[in-house]
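There's a structure below that I have some questions on.
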Amino acid sequence: MIKMIMHGCNGAMGQVISGIAAEENNIEIVAGIDPNMTKENPYPVFSSLESCDVEADVIVDFTSAKAVEGLLHYSIEKQIPVVLCTTGLSEDQVKLVEEASRQVAVLRSANMSLGVNLLMKLIKDAALVLSGAGFDIEILEKHHNKKLDAPSGTALALADSINEAMDQEFHYVYDRSQVRKARDKKEIGISAVRGGTIVGEHDVIFAGTDEVVTFQHTAYSKAIFARGAVSAAKFLAGKKPGLYTMKDVIET
Ligand SMILES: NC(=O)C1=CN([C@@H]2O[C@H](COP(=O)(O)OP(=O)(O)OC[C@H]3O[C@@H](n4cnc5c(N)ncnc54)[C@H](OP(=O)(O)O)[C@@H]3O)[C@@H](O)[C@H]2O)C=CC1
Ligand SMILES: O=C(O)C1=N[C@H](C(=O)O)C[C@H](O)C1
């Protein structure tokens, strides 16, 4: 039985994962961490990782970028692999993640769904053909009104995926409100919509002369992320130090 700590157990994702993990027979949540616990859970809950003395094989994190340093410190100290799903990390925090992964297994992914991870692959091929033919690339993401970070981690990861296929030739433009010139070919425009209860939508738009190709992923429930996170936790438990991604989980 794999023992898991749910970091952010009172949050929207923490609660969905608690339900999904309870239905699994080879993984169990042995502790939850959240500073302001308001919901009932069938496992012990601690207000911080430092106060948690429960032994575990893996930590699943859906919290806030502010919590990342403490999380990495704990995971190195206790030698517990961590599935890091929180988005909105600064460049410095991403570096800390990379450094930590030399000492403990870290799987970081801005999107745990199968569909988005397939999309990352598909748009590489599309970019090679369509950008070469002069198509402009824009990414549009839509999320619920409680989301703190913009653009979404997924939108950035989709842009990074294209850039990886295209020798890093693109820069990202998030706001054109002060711009008074036509877009340049080497930009990827990234726009964010926030409203209501939208779970998560991502459009990758390749716009050419007289034709547009759009790749779209729509999340209809948070369960797709939760299932991916539980699969990632099972994959990561017992792994040696290194930086892993959902690609490693899906291809296993
Ligand atoms: N990779 C993926 O597939 C997905 C990633 N996400 C990302 O996951 C993160 C969380 O999303 P979501 O669940 O919707 O957000 P919520 O705000 O609903 O939940 C986050 C929870 O973490 C708690 N928290 C904050 N700081 C700490 C800390 N230091 N230790 C423990 N718990 C803490 C919050 O408490 P409090 O409210 O009291 O601050 C809250 O209960 C976001 O960054 C989001 O973008 C979301 C969905 C999918
Ligand atoms: O905050 C969310 O809800 C989501 N966040 C992730 C992101 O920033 O990309 C993944 C998903 O789209 C839901």
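Note: Cβ is positioned from N, Cα and C throughout, glycine not excepted.
TrEMBL lists these features:
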type: ACT_SITE; residues: His143; note: active site, proton donor/acceptor
type: ACT_SITE; residues: Lys147; note: active site, proton donor
type: BINDING; residues: Gly8, Cys9, Asn10, Gly11, Ala12, Met13, Asp34, Cys85, Thr86, Thr87, Ser109, Ala110, Asn111, Met112; note: NAD(+) binding site
type: BINDING; residues: His144, Gly153, Thr154; note: (S)-2,3,4,5-tetrahydrodipicolinate binding site
type: DOMAIN; residues: 2-112; note: domain 'Dihydrodipicolinate reductase N-terminal'
type: DOMAIN; residues: 115-250; note: domain 'Dihydrodipicolinate reductase C-terminal'
For ligand 1, pick out the recorded positions His143, His144, Thr154 that have a CB under 6 angstroms away from one of its atoms.
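By the Cβ criterion, which requires under 6 Å to ligand 1, there are no hits.
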Around ligand 2, within a Cβ distance of under 6 Å, which of the binding-site residues Gly8, Asp34, Thr86, Ser109, Gly153 show up?
Gly153
In this structure, which of the binding-site residues Gly8, Gly153 has the fewest other Cβ atoms within 10 Å of its Cβ?
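Sparsest of the binding-site residues Gly8, Gly153 by Cβ contacts within 10 Å: Gly153.
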What recorded positions in the list His143, Lys147, Thr154 lie within 10 angstroms of Asn111 (NAD(+) binding site), counting C-alpha atoms?
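Those near Asn111 (NAD(+) binding site) - Cα within 10 Å - are Thr154, in sequence order.
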I need the CA-to-CA distance for Lys147 (active site, proton donor) versus Ser109 (NAD(+) binding site), whole Å please.
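Distance (Cα to Cα, whole Å): 17 Å.
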Quick check: of the recorded positions listed here (His143, His144, Gly153, Thr154), which one has the Cα closest to that of Thr86 (NAD(+) binding site)?
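Closest candidate to Thr86 (NAD(+) binding site), judged by Cα separation, is Gly153.
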Express the distance between the Cα positions of Asp34 (NAD(+) binding site) and Gly153 ((S)-2,3,4,5-tetrahydrodipicolinate binding site) as a whole number of Å.
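On Cα coordinates alone, these residues lie 22 Å apart.
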How big is the NAD(+) site in terms of the longest C-alpha to C-alpha distance among Gly8, Cys9, Asn10, Gly11, Ala12, Met13, Asp34, Cys85, Thr86, Thr87, Ser109, Ala110, Asn111, Met112, in angstrom?
22
Excluding His144, Gly153, Thr154, which residues of the same chain place their Cβ within 8 Å of the centroid of the Cβ atoms of the recorded (S)-2,3,4,5-tetrahydrodipicolinate site?
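Output for this site, in sequence order: Thr87, Ala110, Asn111, Glu141, His143, Lys147, Asp149, Ser152, Ala155, Gly200.
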Based on Cα distances to Thr154 ((S)-2,3,4,5-tetrahydrodipicolinate binding site), point out the closest of the recorded positions Gly8, Asn10, Ala12, Ser109, His143.
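Checked the recorded positions Gly8, Asn10, Ala12, Ser109, His143; minimum Cα distance to Thr154 ((S)-2,3,4,5-tetrahydrodipicolinate binding site) goes to Ser109.
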